[in-house]
Amino acid sequence: MLQPYRKMLIFAVVTVAFAMAVWSTPVPATPSGVGNATWANNSFNITRYDKITMGQVYSNTSNSPIFFVVISERNFRIVNTPLGASVFWIPKGAMNPPQHQPCVANGPEPGDPRGPCVNSTVSLLFNENVEPFLMSKNLLEFEVLPDTYITGWTFERSKTATTKSNPVGVVLSPPRGSPSANTTIRDDGGPKKPLSIIDEYTTLVADLQNFTMTLTYISPFAAVWPIEAFQTGITVMGCDTTQVVAYLGHGFMGLQISSVNNPPLEMIVVPNDVSARILNRRPSRLRLEPPGPHAGPIYKVYVLSDGNFYLGHGMSRISREVAAYPEESLDYRYHLSLANLDTLAMLAELSSGKSTDVSYYMYRIVARLAVATFSLAEVIRLSDYMLLQEAIDVDMNLRLIVPLVMKYAAGGAADSSYTSSDVAMDQFDVAQSQIEKIVSDINVEAELRKPMYEHRSLLRSVYAYSRKPLPNAVALADRLILAMYKEAIKDRITWNSTMREVLFFAVGAAAGSHVILTDEPEPGAPAHKDASLFLSLNRNILLLCTAMCTASHAVSAGLKLEEVMAGLVAGGVQFSLLEVFSPCMASTRFDLAEEEHVLDLLSVIPPRLYTDLNTGFEDDGTTIHSYGRSANGILNSRIAYNFDAVSVFTPELASCSTKLPKVLVVLPIFTNRSYVITRTAPSIGLTYSLDGVNIAKPIVISYITYGNCEVSRATIKSGYLDNPGHTQTCVYCGSVFMRYMVSGAIMDLIYIDDKEVELQLVAGENSTIPAFNPKLYTPSMNALLMFPNGTVTLMSAFASYSSFKVPSTYLWASIGGLLLAILILYIIIKMLCGGVTNDGYKLLLSYE
């Protein structure tokens, strides 16, 4: 039985011996320090294999048909094929030195589209990076190499790709700004003006000599020969399960996506006149390029994935989709907009309950973000300048979107995401130190008097370039959010784009990263001072955002999301997630996706949206209800945080081993103390159960203290509020007012932070805060007050008012009926009394 294999082995040995003779042919000497080919000597050994599979050997009429033989073990993916080994036949041409000139010798011309120098290094002996190609089995296991040419290896370009008449693709408005003499910083080796990190109109003029460092790109599949280009930067995204790296050069991008939970994907972008070369056993004249669409007017895109062989494979569809991205637009804003839109669609799909697997969004979103950085790098190369606002925009979007896609699409832990990019801002350390100095020098009280757009510029830079919370920035953020809260609870705030962005950046700048509780303290400060201050202020911000997330605001915010999703269904919109940012997205309310709140949202959707939201695939009611659930579900996402803010800022909830039931609301009301609202009673804390609430949706309020793992039950007592107007002391400060419905829906949670809010609480019908005005209550609404010491009291004033409130129509009808009854009674009495007085009965008797 071993005879065929013995013959095959002898044939392989003879072939190798013949190949050794060919190596004696004079070839250019290996440059010093180049190559790692100690295996190519006269003592080459072949290990004996019991089973060897040998593929077809192609002859080459134009060159010597001698091939070098490498034998490697492999696990066959074909069913019923035994474990064995493969014989790889590498063309002799791969032994020759590269045919192209060194890339460093041809520096790019400023602003010249022909500037990119991208070369494919097809060589073994003269290749410093040969080792991965000899040791890796990825080229087999991922099936990127075809044995024969297959249909679909080179596929048609997308309809959204650029054309010869429009080579740059879609360009958004407004047009890109031009450099200004007053705000331009030149990188020409001379004295430089200090970089103003908060002035969005600052322009950086690039020194192209800084981009002459070469990048050697090596395919992670070990399926494409190394590619050399001028390096411009690197973008990294990832978490504990996924890593995404984009290597960027002049006219070049190599994107690698690898994940524990999902198949890998690689995308390579080169100039349209460059041909990358794939490793296969074809002779040089038949050597394939990697798979991808046909070349475009500027670039050529290759894509490698697990689905290259299977046209109906999910990865095949994803590969063809992302391959179109680099050629859709050179405007980085276009790609950031679509990355934001895909993120919204991902959150909506998860919230609607239609799907729990949204991993395909990972490829789409991270590819968009990578292409955005590539597009910006190319625009910088072609224009020789960069606007500071472009750098901040890219970095801010990376920090906003990456944690969401890593958590929901890649399956990573909530606090394991990371991202960085040196494409837009290669002076990150300079920017970080400058923003820290600017913030340390500001006067918070004076800063508060500035307009909101200046707050946005400052906090935006802090959010983008400070990886730790800065004391003054946290204090400023807290004061700004408090000012918004004062207006929001009175329904006097206008949630325009500036207000939404200020709120988002304030929350993000205050929170920083979740490591703030263990960061080194500021110089000269006690070890615990900064951490306790940051914790206290962030707890207060959580509470204020929760209080701003009233039922009416949640409905209006949900309606805004409905309109965005209606536009998505109707044909697509381009936007930023910050355009729909809401206090609810930074709050500790987890109940907005419940049925009651969804129905509240659906009740106010304008009729014009019903046509847009109806896709025709479902019944109208089902479709509308699904979008309502999606909108409210998105409000439940805390997109301002790249970590689990509740667990970090409310450690008392995890101080005991007892696991809490599903939480509706968390109220960090005092240091190390929080109220938690649930549907079922937890086995920890002081617990209250509300009476008169739908038994299917009960409301349970628990007061949890850090380290106290005992459980006790208490009864909510009714009471009237004492009017504290005669004293300057704030009696109810630190308390939370809750308005709820007998159906079990929580309407409002108003935090009483000062005397002004306290006086509005007892003002009755004259209150300027709608939640405190009993005239706006219906018989199905009640209110209670949660004190910071753990006492909960039912507000009798609001309950009694609602109990005796009757419609005016019923009242007037009752009065009319009463008057009519009195009139009828009067007539009867008049008749009786009149007959007796006039002796009518006597006359009647006499007559008889």
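Even glycines carry a Cβ here, placed using N, Cα and C.
The signal peptide annotation in Swiss-Prot covers 1-24.
The topological domain 'Virion surface' feature in Swiss-Prot is assigned to 25-808; the stated evidence is sequence analysis.
Per Swiss-Prot, the feature N-linked glycosylation site maps to N36 (among others); the stated evidence is sequence analysis.
Look at Swiss-Prot and you will find N41 (among others) tagged as N-linked glycosylation site.
Per Swiss-Prot, the feature N-linked glycosylation site maps to N45 (among others); the stated evidence is sequence analysis.
What Swiss-Prot lists as N-linked glycosylation site is N60 (among others).
For N119 (among others), the entry in Swiss-Prot reads N-linked glycosylation site.
The region 'Disordered' annotation in Swiss-Prot covers 166-191.
Swiss-Prot lists N182 (among others) with the feature N-linked glycosylation site, giving sequence analysis as the kind of evidence.
Under the heading N-linked glycosylation site, Swiss-Prot lists N210 (among others).
Here Swiss-Prot flags 240-303 as region 'Interaction with gL', drawing on sequence analysis.
Counting Cβ atoms from all protein chains shown, N496 (N-linked glycosylation site) has 10 others lying within 10 Å of its own Cβ. Annotation source Swiss-Prot lists N-linked glycosylation site at N496 (among others).
Cβ neighbours of N672 (N-linked glycosylation site) (same chain, under 8 Å, six or more residues apart in sequence): P651, E652, T705, Y706, G707. According to Swiss-Prot, the feature N-linked glycosylation site maps to N672 (among others), an assignment based on sequence analysis.
If you look up Swiss-Prot, you'll see N766 (among others) marked as N-linked glycosylation site, on the strength of sequence analysis. For N766 (N-linked glycosylation site), no same-chain residue 6+ apart in sequence has a C-beta under 8 angstroms from its C-beta. N766 (N-linked glycosylation site) carries a helical DSSP state (H, G or I).
The N-linked glycosylation site annotation in Swiss-Prot covers N789 (among others) and rests on sequence analysis. For N789 (N-linked glycosylation site), the Cβ neighbour count at a 10 Å cut-off comes to 11, with all displayed protein chains included. N789 (N-linked glycosylation site) carries neither a helix nor a strand DSSP state and counts as coil.
For 809-829, the entry in Swiss-Prot reads transmembrane segment.
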N672 (N-linked glycosylation site) - helix vs strand vs coil (DSSP): coil
Euclidean distance between Cα atoms of N789 (N-linked glycosylation site) and N119 (N-linked glycosylation site), Å: 71
For the region 'Interaction with gL' (240-303), mean pLDDT (0 to 100): 84
N119 (N-linked glycosylation site) CB neighbourhood, other CB atoms within 10 A: 22
